[in-house]
Each structure stands twice: as C-alpha cells, then as structure tokens.
Amino acid sequence: EQEAEAEPEPESTAARPAPESSLPEPGLLKTGSGPGSDGEDVAKRKNHNYLERKRRNDLRSRFLALRDQVPGLASCPKTPKVVILSKSSEYLQALVSAERRMAAEKRQLRLRRSQLLRRIAHLQGR
C-alpha cells in the first residue's frame, strides 16, 4: 500500500501516438482542429488526473478501513494490500464458521430448554 506512494507512477506512453519530428512539443499532440483544442486537451487531462487521484485515494482509504477491521492488522501501518485481502478472507471464513457453530449450539440449547420446560410441566402436574 505504501509502496505505491513511494514510487512515482510512470506516464503511459501506449495511449500517446509516436511524436512526429515536425511538431514543436511531442508530448502535447493536438487531437482536434480549431482554436481551443489544446486548452480542452489540457482540461480533459487535468480532470482525468484529478479523477484518477481521487479513485486511488478512495481505494487506499477503503483498504485502510478494511485493515482496521481485521484483528492483528490494525496495529501494522504498512501492511501490503495482498496481506490485507488474504487476512480479511481468512477472518471472514473464521466468522462464518463461528456463526454456523453458534447457530447449531443455539438449536441444541433451544431443544434442551423445551425438553426441560416439558419436564417441569410434567412434574408440576403430578
């Protein structure tokens, strides 16, 4: 999780066409014709960057919230995402197992209670 913050993300070159030698700025190719298209491209890129940053921050905060819900992970500030996911899965499996065990125990206790109530009623009827 913290590893992604430490390394700057490389810009994708796959989305950009190869620069031509006649263009003054190879990194900023025009996609439209007419005035204002450069400004629109910059605005679109800024908006895209903002939305992507927001998405990454949201994802990071959700991983931190998940980490804080798993016993044993809340005290580890630099837990990798894969560990958060695997430990969360293990924890959920343990919770499901415990819930099934408790539900079976509850059924047994209800059965025992009804047997004891019938016995009390029988003994009081004598």
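Keep in mind that glycine also has a Cβ here, set from the backbone N, Cα and C atoms.
Under the heading compositional bias 'Acidic residues', TrEMBL lists 1-10. TrEMBL lists 11-22 with the feature compositional bias 'Low complexity'. Per TrEMBL, the feature compositional bias 'Basic and acidic residues' maps to 41-52. What TrEMBL records for 43-95 is domain 'BHLH'. Look at TrEMBL and you will find 1-56 tagged as region 'Disordered'.
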(request) With DSSP as the reference, give the number of residues of the compositional bias 'Basic and acidic residues' (41-52) in helix, strand and coil. (result) 12 helix, 0 strand, 0 coil
(message) Could you tell me the mean pLDDT the prediction assigns to the domain 'BHLH' (43-95)?
(response) 96
